[in-house]
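Asks: My structure is below; once you've seen it, I'll send some questions.
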Amino acid sequence: MAQQETAGGVLLIAASILALIFANSYLSGFYNGVLNLPLVVAIGAFEISKPLLLWVNDGLMALFFLMVGLEVKREVLEGHLSQPSQVVLPGLAALAGVAFPAIIYASFNWQDPTALRGWAIPSATDIAFALGVFSLFGRHLPVSLKLFLLSVAIFDDIAAIVIIALFYSHELSTLSLLVAGIGIVMLFVLNRLKIRHVSPFMFVGLVVWAAVLKSGVHATLAGFVIAWFIPLKHKNIHDEPMLLSLEHALQPWVAYFILPFFAFVNAGVHLGGIGLDTLTAPVTLGIIVGLFVGKQLGIFSVCWLSIKLRIAKLPEGATWRELYGVCLLAGIGFTMSLFIGSLAFEGANSEMVASVKLGVLFGSLLSAICGALILTNSRKIK
């Protein structure tokens with residue numbers, strides 16, 4: 001698992017660098033042409049027509065959220081989030097880690113209603129990237145810190161799901177929502193019947209995803225909802241727990257293909273026309289400061305206060321310095337921040353999109369470098 005996290009993190013970095021190379025070379029025309037390549041799926045009168053970029057953001061990312069949902073369900077029902085005492089510190093930390101960056105972003109953009117739509121961009125944490133950096137530079141650290149980072153990221157993902165549902169959905173289609181609701185009821189029935197094949201769940205899940213896509217609610221939410229109806233303990237035809245089997249099957253696809261591909265199609269920003277105005281734009285600065293300062297400030301201050309008030313305990317075997325390094329890693333928003341940015345500024349002008357991408361790249365990079373330095377040097381200070 002640690003090897004997969006490390007390799008996945010390296011692939012994310014490589015995909016992002018490749019995207020920047022494509023976007024800033026003679027290949028930029030080809031790159032943009034591929035992103036805007038129209039793809040159509042039609043069955044009778046039902047049709048989904050989207051460019052490749054949106055198939056990745058709406059389709060492949062739904063599989064990512066399916067895996068997140070499976071992980072959350074397992075951890076909440078029988079993992080290290082099943083005990084209330086284990087939930088307090090990461091739960092409070094994640095709440096502050098969402099609120100502080102959002103407030104900082106809003107303070108930079110409060111005079112621009114359009115820019116304010118991006119308030120949630122610096123509130124996200126890229127769980128794959130953060131764990132990848134931790135696996136590279138925190139191998140000597142106690143496992144409790146990794147569990148803390150994972151727990152914070154899980155709560156962060158739940159917050160992202162709620163934010164997307166409440167603030168980044170469009171006009172709703174009653175008929176599509178009804179179809180999605182019927183599909184969810186069918187998933188519940190399949191769960192209660194203890195069906196041992198995963199294929200019926202996936203077929204109904206595909207219908208739910210398509211209905212949610214057409215409903216105006218963001219389609220990625222379907223993946224998270226579907227996950228909660230996959231049986232936790234019922235065994236499949238291979239005599240393995242169905243949820244765990246599906247989670248393990250999805251993990252390499254997410255780590256080695258979905259997230260790197262998402263990074264490749266979303267991280268490419270043309271740097272040629274970018275000047276000081278773009279770098280110092282309120283949107284860019286709000287995201288950079290939100291990710292790099294807001295995340296670490298929110299999470300670490302709430303952890304310090306909770307531990308000093310004896311509401312929670314410092315992760316077992318960890319020092320304050322090591323905890324601070326992990327708090328820095330939570331500022332790696334990368335793919336999740338880019339994803340929320342694509343929702344917040346869908347159809348926006350190229351300057352706004354460039355500001356979002358630059359802010360996310362710089363904020364995430366600062367958090368990753370500083371977090372890695374703190375974690376690496378912590379072994380020398382002990």
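Just so you know, glycine gets a Cβ as well, placed from its N, Cα and C.
Pulled from Swiss-Prot, these are the listed features:
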- 7-27: transmembrane segment (TRANSMEM)
- 28-48: transmembrane segment (TRANSMEM)
- 52-72: transmembrane segment (TRANSMEM)
- 88-108: transmembrane segment (TRANSMEM)
- 118-138: transmembrane segment (TRANSMEM)
- 147-167: transmembrane segment (TRANSMEM)
- 170-190: transmembrane segment (TRANSMEM)
- 206-226: transmembrane segment (TRANSMEM)
- 254-274: transmembrane segment (TRANSMEM)
- 285-305: transmembrane segment (TRANSMEM)
- 325-345: transmembrane segment (TRANSMEM)
- 356-376: transmembrane segment (TRANSMEM)
Asks: Check for me, if you would, whether the transmembrane segment (118-138) reaches the transmembrane segment (28-48) - at least 3 Cβ pairs under 8 Å, residues 6 or more apart in sequence.
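Replies: No; fewer than 3 Cβ pairs under 8 Å.
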Asks: Of the listed stretches (52-72, 88-108, 170-190, 356-376), which one yields the highest count of Cβ-Cβ distances below 8 Å with the transmembrane segment (254-274)?
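Replies: Answer is 52-72, with the largest number of Cβ pairs below 8 Å.
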Asks: If I count Cβ-Cβ pairs under 8 A between the transmembrane segment (52-72) and each of 88-108, 147-167, 206-226, 285-305, 356-376, which range comes out on top?
Replies: 206-226
Asks: Can you say which of 28-48, 206-226, 285-305 has the most Cβ pairs under 8 Å with the transmembrane segment (88-108)?
Replies: 285-305
